[in-house]
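The structure appears right after this line, and notes come after that.
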C-alpha cells in the first residue's frame, strides 16, 4: 500500500508492521468486520419484526393464531443452543431445494434421499451450479441472517409480549373510554408505551446478539474468525514477503478487544436511549426525571 | 450387529475405549444414539468441574465487586467485564492460541493445549465471571433487616458473613444461578468447534452429532437426538439444583419459597 513497501525484507520493525497490516488480505480481514456489522444491522430489525409479529400472534384473540405465536416462542427458546444454528442452516437449505425440486422438476421419479445423499435435479439447486461466486456468498449470508433473525425473533417476541402486558391497564381503558377501536388502541396507545418496558429486555438481547456473531464462522461465512485463523497462522518466506511465526493469539486478542469495545459502546448508548424513552412515562424512572427537572 | 454390541463398541468411544474407527456407512439409529450419548460424557465433565471450581471463585468475585476497597473492587469489576463483554467463542480461540504460544516457550504448558484442561480453564473463568455478577447482584439485594439483626446479635466480620450474609445471598441468587448452570452445560458444546482439537476423534455430543450430519447429509436425525439428550440433562440439573434450593430455603414456610423458573437464554 505504501511506496516504501516494495521490498519488505529490508524494512525495520515499524515500517514492516505498517506494510504488513495493509496487505491485500488484511483488507479482506477489515472488510469482514464490516460484514459482522452488516449482519447486525440487517438482523436486528428483521429479528425485531419477527418478534413483533410473534408477540402480536401470541396476543391474538383468535385462539389458533395465539397458539402459533406461543408455539414459535416456546419452540425456539426451548431448543438448546448452537445446535439450532448448525441444524437450521442445513435444514433450511434442504427445505428450499426440496420445494424448488417439487415445483421445477415435477416429472422426477427418483427419491430425493438416497442413503447418505440428498439429490435434487440441477434446476432446483440453490443457488444454481453455474451462478457467480458472489451469488453463493450472498446466499450463504442470507441464510445466516435468516437463521439469526428466526432465533432472536423468538427471544424478542418473548420480550415484547411481556412488555405489551406490562403497559398499565388504565391507559388502555382511557383509550377505550375515548371511543378508540381495538386496533386504534393497540397502535396509538399500547405500542408507543410498551417500548420503555421492552427496552431492558431488548438491550440484553442486543448484547447477546453481538456476542453471537462469531458463530457466523460455524455457518460457513468468511467472517472475522475465519480471517483471524487464516492470517495468524505461521507464514514461511516461500509463500509471502511477510513471513512471521504463529500470530493467531494476537489476532484473537484483537477480536476480543473489538468485542469488548463494541459491547461497552452499546451499553453506554442503550443507557442514554433508556433515559430518553423514560421521559414522561408513568414509571418510577419517569417520575424521578420529572422531579429532577422541576 | 446388535445394538448391545454397538453400545459395547462405542459407549465409551469419546474417552478412547472400545472400537477405534467411527462408523463410516449404514449409520443406524443405535449408533447415533450411542455415540452422541458417549460424547455427552465430555459435556458433563466440563460442566460439572467448571461449575464446582467456578462457584468458589465466583463467590470471591461477587464479594470483591461489592467491596468498598478499590483494590478488591476494580480487579473484580474488570474481570467480570472482560469475560461477560466478549463472546465465549472468541475466548476459547484466544485461550487455545495463548496456550499454544506458551507451550512453544515452556514445555509445562503442553497439557493446556488439550481440551480436557485448556477448555476447562476457559469455561471455569467464564462461568466464574457470569456467576460472580449474579452473586454480586444478590449481595446488593440482601434485606437490610437481616444485616441489622445480625448486628443486633453482635455478629460482625467473618462470622456475620458466614452465618447471615452468605447464606442469604446464596438463597437469593439460586434461581438465577440454576439458569447459569444450564447455559454453562449448553456452552460446553462450543469446545470442539473453537480451536481445541478433538484428539483421535474423541469429541463431545455436538462433535459427534455434526459428524453424523456431515456424513449422512441429514440433519433431522442427529440434532434432535442431541436436543433430546440436552433436555434430559437440563431436567437433571433442574432436579439437583431444586433439591439444593429447597435445602437452602428449608426454614421458610412452604408458601414463601421461591420456585426456580427456567429462563432459557442463548449463547454467551
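The backbone N, Cα and C atoms fix where each Cβ goes, and this holds for glycine too.
Annotation comment: TrEMBL describes B:40-244 as domain 'ABC transmembrane type-1'.
Annotation comment: TrEMBL describes B:44-64 (among others) as transmembrane segment.
When Cβ-Cβ distances below 8 Å are used as the criterion, the transmembrane segment (B:76-100) is approached by residues 60-62, 64-65, 67, 109, 112-113, 118-119, 121-122, 125-126, 128-130, 132-133, 136, 187, 190-191, 193-196, 267-268 of the same chain, each at least six residues removed from its ends. Sequence annotations record features per position, and here TrEMBL assigns transmembrane segment to B:76-100 (among others).
If you look up TrEMBL, you'll see B:106-125 (among others) marked as transmembrane segment.
Sequence annotations record features per position, and here TrEMBL assigns transmembrane segment to B:181-200 (among others). Among residues of the same chain six or more beyond the transmembrane segment (B:181-200), those with a C-beta under 8 A of the stretch's C-beta atoms are 16, 20, 42-44, 46-47, 50-51, 88-89, 92-93, 96-97, 113-115, 118-119, 123, 126-127, 130, 206-207, 230, 233-234, 237-238, 241, 262, 264-265, 267-268.
Positions annotated as transmembrane segment by TrEMBL: B:220-244 (among others).
Sequence-distant neighbours of the transmembrane segment (B:44-64) (same chain, 6+ residues past either end, Cβ-Cβ under 8 Å): 72-73, 75-76, 79-80, 116, 119-120, 123-136, 138-139, 161, 166, 169, 181, 184-185, 188, 191, 204, 233. Nonlocal intrachain contacts for the transmembrane segment (B:220-244), taken as residues 6+ away from its ends with a CB within less than 8 angstroms of a stretch CB, comprise 29, 32-33, 36-37, 40, 43-44, 174, 177-178, 181-182, 185-186, 205-206, 208-210, 212-213, 260, 262.
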